[in-house]
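One structure is given below, encoded as structure tokens.
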Amino acid sequence: MVTVRREKDSMGVIEVPADKLWGAQTQRSLEHFRISTEKMPVSLIHALALTKRAAAKVNQDLGLLAAEKASAIIEAADEVLAGKHADEFPLAIWQTGSGTQSNMNMNEVLANRASEILGGVRGMERKVHPNDDVNKSQSSNDVFPTAMHVAALLALREHLIPQLSALTDTLRDKSHAFADIVKIGRTHLQDATPLTLGQEISGWVAMLEHNLRHIEHSLPHVAELALGGTAVGTGLNTHPEYARRVAEELATITAAPFVTAPNKFEALATCDALVQAHGALKGLAASLMKIANDVRWLASGPRCGIGEIAIPENEPGSSIMPGKVNPTQCEAVTMLCCQVMGNDVAINMGGASGNFELNVYRPMVIHNFLQTVRLLADGMASFNQHCASGIEPNRERITQLLNESLMLVTALNTHIGYDKAAEIAKKAHKEGLTLKASAVALGYLSDAEFDAWVRPELMVGSMTPGR
């Protein structure tokens, strides 16, 4: 039989498992929202703990919270950040849209643990109150959006941006290494004029560089914190210096550029910062999907595809076809990019659906945002390590396809005109001739003229790959 204790909130008394630190409101949420399996992300829980830690420190400094209580709350928050109470935060994403129940989950856990630190007990006789002490100068309406921004910015800074930079560096190195390899270009999935493999990969590098700039451009808005706005943005029940000082405290303990939001009404009523930041992440997903698709097409084969590059062979690809190896890293990336694009739709809908002074789609928004960051960061790390770093050119195949391409005829445009060049290409294609044989047969130029004018290495321009 499970041992219980009695906890109380404004709705009355409720039984809670005696071995748990949470209280009445957490228990009610567990009983009322048994929906699916998605729980609040750990990084969001840690961001809530950071927020409570900063608030306790500032409330103490402002003379609003007794030093011993503040110290105990800070110690309890540090325990959460160290992962000591991970099973005390069981609530579902699918709860109140303001995140109130998760805010109270944190308040209750920290209050009960702080009470124990002070020599007290858990429950109704505890020495630290979840609302009056842990939640002092706060509302769920400003705490939860603050934690969202803290979790989002730290995830972008610590996980996504480093992996994006690493993948960009790998591809830049490949671009430089393959700068002298002339290959056929393709547009509309059809043969086009030549370029170098280095130039082709340099396009991927530039895509990722642009994406990094877009993501970095979104960070200042994410760094704006709602804390201090309390219920509707007016700052009711807060000290005049509280909002600025608590943002400064969060900036100090995270070494991140957090500031108090200049307009708390916007900070509470919208998710615009995360909508816009996720738009940049969606752009990255679009670029990664294109890059991964290009890689697997260029590596297709091994004998009946394009086969211009080789990628690492990491695992067997078929349960029935012996020896088959598939571009699995590319497939994983394209799948996760699809998920990111779906997340973007959900975040856009959530961001657009707030009413009046509060957006109430916040748990869903941050769940999808953090999932996107993790998918992209992990996906880029895996793709970089197990695919991109091992890309190698198949020079023999590249040369074969280059020499067989009819689009080399484009070099003749300035010598004999477009119409005659097109006639050469069509005759060569229809009769299975080389371009040279077709041109000579039509009498438009000699062998020597063809050799002098159709030189793929001179058709790639002076564009240098990478930066």
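Including glycine, each Cβ sits where the backbone N, Cα and C put it.
Sequence-distant contacts of HIS188 (active site, proton donor/acceptor), defined as residues of its own chain at least six apart whose C-beta falls under 8 angstroms from its C-beta, are absent. Here Swiss-Prot flags HIS188 as active site, proton donor/acceptor, drawing on sequence analysis.
For SER318, the entry in Swiss-Prot reads active site, with the evidence type sequence analysis. Around the Cβ of SER318 (active site), the same chain contributes LYS324, ASN326, each under 8 angstroms and 6 or more positions distant in sequence. According to DSSP, SER318 (active site) is assigned to coil rather than to any helix or strand.
For 98-100, ARG126, 129-132, 139-141, THR187, SER319, 324-326, the entry in Swiss-Prot reads substrate binding site, with the evidence type sequence analysis.
If you look up Swiss-Prot, you'll see GLU331 marked as site 'Important for catalytic activity'. GLU331 (site 'Important for catalytic activity') falls within a helical segment according to DSSP.
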Quiz item: Going by C-alpha distance, which of the binding-site residues SER98, THR100, HIS129, ASN141 is nearest to GLU331 (site 'Important for catalytic activity')?
Solution: SER98
Quiz prompt | The one of THR100, ASN131 whose CB sees the fewest other CB atoms within 10 Å, among these binding-site residues | solution = ASN131
Quiz item: What is the Cβ neighbour count of ASN141 (substrate binding site) at a 10 Å cut-off, with all protein chains included?
Solution: 27
Exercise. Give the three-state DSSP assignment (helix, strand or coil) for ASN131 (substrate binding site).
Key: helix
